[in-house]
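Participant: Not my notes, these are from TrEMBL:
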type	residues	note
TRANSMEM	B:6-31	transmembrane segment
TRANSMEM	B:83-103	transmembrane segment
TRANSMEM	B:123-143	transmembrane segment
TRANSMEM	B:164-185	transmembrane segment
TRANSMEM	B:197-217	transmembrane segment
TRANSMEM	B:246-269	transmembrane segment
TRANSMEM	B:289-311	transmembrane segment
TRANSMEM	B:331-348	transmembrane segment
Amino acid sequence: MDISQVLFYALSAMALGSAIMVVISRNPVHSVLWLIITFFAISGHYILLNAQFLGIVNLIVYAGAIMVLFLFVIMLMNLNAETEPQKNKWLKLAGVVAGGCLLLVLVAALKQAEVKGKVAELGTGDIGLIKNLGNALFTDFVVPFEISSILFLSAMVGAVVIGKK
Amino acid sequence: MHSALLAIDVFFVIEKLVLIIAIVSISLGIAMYETYFERKIAAWIQDRRGPNRAGPFGILQPLADGLKLFMKEEIIPNTSNRFLFILGPCLAMLAAMMTSAVIPWGGKINVFGREMNLQIADINIGILYVFGVVSMGVYGIMIGGWASNNKFSLMAALRGASQVISYELPMGLSLIALLMLTGSLKMSEIVGQQIDSWYNVLYQPLGFFIFLVCAFAECNRTPFDLPEAENELNFGYHQEYSSMKLGFYLFAEYINMFISSVVMATLFWGGYDIPFVNDASLAGWGNWLAALQGLALFIKVAIFIFLFMWVRWTIPRFRYDQLMNLGWKGLIPLSLINMIVTAAIVLLKSNGWKF
């Protein structure tokens with residue numbers, strides 16, 4: 001095992017463990033904090049793949065902005081473990097069935113997704129560097145890129161309209 | 001298998017460790033004496049004497065303050081969340097210290113025949129790293145304020161968080177304009193370009209001004225210290241804190257001030273470049289040149305820190321709606337215009353000034 005393998009396993013354990021904690025912790029604020037740790041672990045994976053730009057943007061956008069807003073809302077609504085309403089038992093049953101269906105779909109989809117002999121480019125790949133990513137976005141994928149920015153713009157206008165009401 | 005695990009460049013690790021320890025202790029020492037100079041400058045502006053009891057000219061005052069904070073009783077409120085209550089000040093401190101990792105503090109030095117870069121990590125996303133760490137800083141305030149289980153603390157924490165998020169936008173936009181000129185996110189390269197030609201502040205005066213205002217807001221300094229508005233919120237987000245945990249919050253503010261001064265000096269004022277001198281002609285000086293360059297950086301930083309204090313004791317605090325109006329309706333359009341004009345000029349220049 002070399003260093004990057006050790007790092008890979010440590011980061012994977014961190015990501016999976018904290019992702020499970022997001023689901024099972026009772027207090028919503030704790031869930032958000034565990035989710036932030038998950039994002040850090042995923043950013044660590046990006047850096048292992050030499051995609052430093054993606055890693056840091058993941059942190060700035062998700063951990064730095066979106067999660068702060070989540071935390072904002074949860075803190076203002078004062079959701080606590082005690083005030084959490086008891087779920088209907090039919091709702092729980094429906095949840096179990098839906099989860100089982102998702103598992104089946106995932107198994108069916110992943111069965112064929114096996115790619116043999118393809119190894120992640122640890123520390124050598126360069127598509128995640130800012131120069132290559134910018135080139136790819138503004139040459140090969142310029143139309144989807146612009147369309148998604150128009151989507152963001154319309155979402156922003158929509159938020160302003162809702163806020164004005 | 002185990003020999004491969006140990007295949008680390010030991011000297012590299014030791015070198016970086018020494019550098020990290022040096023930089024962290026320098027920033028802590030500077031933050032310590034910032035508290036002293038803040039009080040001295042306040043006294044000077046208000047025609048008082050300031051601290052003058054502990055040691056000559058009161059020079060030991062920060063030590064006395066630190067000792068006092070350590071001696072105080074530590075109180076954790078009963079109904080608060082213990083773990084998060086302690087995590088809050090730790091996060092504030094951690095985020096404040098982490099930014100220093102990508103700053104180039106001087107040129108290369110030669111230690112025992114080994115060339116050493118006075119920069120902890122020269123990553124090719126330097127500015128974005130600074131930006132990411134700054135956006136983490138808000139968690140210290142928010143978690144601390146929420147875990148105190150006190151309405152005033154929570155209100156102050158939410159104020160602080162929304163202020164930091166709002167002012168991050170114009171800060172980022174002014175940085176985009178700067179990046180269009182430099183064409184690189186590497187801190188060392190940005191400094192290198194400024195050493196070879198003019199300082200960035202000459203190309204981006206408006207961008208620097210916007211960045212400066214946003215730095216004041218990000219550090220929660222007057223006139224933007226709304227999260228600590230005593231007359232509205234008792235004491236602010238750290239109301240329930242006592243002893244050194246309170247000290248950590250206050251200390252983190254001073255470290256932030258130091259680090260943001262360093263970032264401003266590095267991005268806009270040439271970093272460790274010695275002004276009016278051609279650094280390349282002094283290359284024979286070896287390590288002394290690096291020391292001089294570090295000194296030049298620290299003089300620039302000291303001027304910025306003085307500016308921070310001068311503004312604090314001159315300008316009164318904004319009202320909260322004024323703060324938000326300034327951020328969203330004043331600075332963001334201004335920085336957008338700055339960005340578009342810069343982009344147009346860069347494009348025209350690369351086309352050889354033809355439309």
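Cβ atoms are placed via backbone N, Cα and C, with glycine included.
Since this is a predicted model, take the numbers as computed values, not measurements.
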Participant: Taking contact to mean 3 or more CB pairs closer than 8 A (sequence separation of 6 or more), are the transmembrane segment (B:331-348) and the transmembrane segment (B:197-217) in contact?
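Facilitator: Contact criterion met.
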Participant: Going along the chain, which residues at least six beyond the ends of the transmembrane segment (B:6-31) come within the CB cut-off of under 8 Å?
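Facilitator: Cβ under 8 Å, 6 or more out: 97, 100-101, 105, 114, 116, 118, 120, 251, 254-255, 257-259.
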Participant: Can you tell me which recorded stretch out of B:83-103, B:123-143, B:289-311 has the most Cβ pairs within less than 8 Å of the transmembrane segment (B:246-269)?
Facilitator: B:83-103
